[in-house]
Amino acid sequence: SGRTMAVASVNLGALTSWVGIARLFAVVLSCLTFSLVASTGHFEGPYGTWCMFTWCFCFTVTLLVLLLELLELYPLLPLSWDDFTSAFSMLAALMVFTSSVVFPATFISSPCSSSQCARQAVATTTSCLCFLAYAVEVSLTRAKPGDISSFLSTVPGLLKVFEAYVACLIFSLLDEYNREPGLMWCVAVYSICFIFTLLIIIFTIGRCLTYIPCPLEKVLVGYNFLALLMYFTATILWPLYSFRGRSRPDPCGTNCWWNKHLGVTFLTIFNLIAYLVDLVYSTRMVFFRAP
């Protein structure tokens, strides 16, 4: 009877469904990627460490998700499983995409003729395919229009993960901002919006939002509006105070302040657009919901 119970608790659909197949591809491709990069022994520095962490982290968590769904143990966890898997697949797609761009730009030199360079090129290819696998998972698990049972699988929920991740990228590029009050305001905007967005994600996964004694959906719309206004000011002030009276140094290497400030400028614009789309979708979900 023990064997019968063990067999009955195995859910093979976790591996044979389209989502399961996408996760299996992600596990295999991420494993291939970090194995190839590790075999070169050339992933030093902060960028290499970040890329290796990304592939190992995504491999480990995705494998854990597959095992928990295969053995049907995830209902025992004190969290919203659908929200967690939706948020993680979106985060993994963003992290692997970033690594797929950063790794070849940092470590692959031209001309590429050595065996080490060939392995790095193959690792870049498998990393790009791994990103596609996570992107397919995000597409498959995204909530249908009108379905808000899993908030982080809706467009506003996925955008919350995107906004938090872009804020993390901004933090990694911040440099020389203490000299200007305008730049310090921009850093305050990035920090405040990141903290609130991260809390929304954590509370959603932890099923804590239902305990908040207020109309939560309307509060989220109000927060998106305020975040949009704050990012609008940062979009204007950051380039104004960063580049005013300062030209691009020559030469300007990898850690050049000008390149970092330019990167923050573009990332600020990306998050401004994300908060705008988030506000539009959230407003439609709250005030124009179909009966």
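Any Cβ shown, glycine's included, is placed from N, Cα and C.
Annotation comment: TrEMBL describes 14-146 (among others) as domain 'MARVEL'.
Across the domain 'MARVEL' (151-287), mean pLDDT in this model comes to 88. Annotation comment: TrEMBL describes 151-287 (among others) as domain 'MARVEL'.
Annotated transmembrane segment per TrEMBL: 50-68 (among others), in sequence order.
Residues or ranges marked as transmembrane segment in TrEMBL: 88-108 (among others).
For 120-136 (among others), the entry in TrEMBL reads transmembrane segment. Non-local neighbours of the transmembrane segment (120-136) in the same chain are 18, 22-23, 25-26, 29-30, 32-33, 36-37, 40, 42, 55, 58, 89, 92-93, 96-97, 99-100, 103-104, 107-108, 112; each lies 6+ residues outside the stretch with a CB under 8 Å from one of its CB atoms.
Annotation source TrEMBL lists transmembrane segment at 148-171 (among others).
The transmembrane segment feature in TrEMBL is assigned to 183-205 (among others).
According to TrEMBL, the feature transmembrane segment maps to 220-241 (among others).
The transmembrane segment annotation in TrEMBL covers 262-281 (among others).
Using a cut-off of 8 Å between Cβ atoms, the transmembrane segment (262-281) and the transmembrane segment (148-171) share at least three residue pairs, counting only pairs 6 or more apart in sequence.
Using DSSP to sort the residues of the domain 'MARVEL' (14-146) gives these counts of helix, strand and coil: 109 helix, 0 strand, 24 coil. The domain 'MARVEL' (151-287): residue composition by secondary structure is 109 helix, 0 strand, 28 coil, according to DSSP.
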